[in-house]
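Here the structure comes first, spelled out in structure tokens, and everything after it is commentary.
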């Protein structure tokens, strides 16, 4: 990864602290992975606080496949199975069945409807019956252990939400360029500066978590 581009947002630990601060303000963060992996940046928001305006930004600026990152325990509570029994995707992205709130939505595809679905799903008292299947929100299962187990955007999103004091649930969507191609780090940095967003890498998160574990040992 081109560290020189990320350096304008501080050191790895400073980038993590800045991302946590922005999330606590209810703002979005761009989470990037290694250029030898997906080499993509995901716009992420806390599931608890995402607004219709923020969702509209995700739909407008990103790929359109809005995902809700959840823990295994939460997915068991919602009785959401994996989309396929044999996951053959290159990066083992763990999609479940897609969902829609049963109440409070129309077609389910608008920004407001997707926020309603997300708020419904992450509520502590949400029951499986509160969600229709399929729908326009795509849950993802985060592996236990977070980015120290899998260097994925899903795990990074859940880890960041925990670090910011939220429920371990976040919303993500992959940033794209105007021509529909995937945004790479230079474009991600430009987008972040234009919209006053912070950028943090999955490797930054792993470093912060490993450092915390060493201090706690």
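Just so you know, glycine gets a Cβ as well, placed from its N, Cα and C.
According to Swiss-Prot, the protein has these features:
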| type | residues | note |
| --- | --- | --- |
| BINDING | 37, 38, 42, 150, 151, 152, 153, 154, 174 | D-ribulose 5-phosphate binding site |
| BINDING | 38, 153 | Mg(2+) 2 binding site |
| BINDING | 38 | Mg(2+) 1 binding site |
| SITE | 136 | site 'Essential for catalytic activity' |
| SITE | 174 | site 'Essential for catalytic activity' |
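In the structure shown, across all protein chains, 153 is the one of the recorded positions 136, 151, 153 with the greatest number of other Cβ atoms within 10 Å. Across the binding-site residues listed here (42, 174), the residue whose Cβ sits among the most other Cβ atoms within 10 Å is 42. Ranked by Cα separation from residue 136 (site 'Essential for catalytic activity'), the binding-site residues 42, 153, 174 are led by 174. Annotation note: residue 151 (D-ribulose 5-phosphate binding site) sits in a coil segment as assigned by DSSP.
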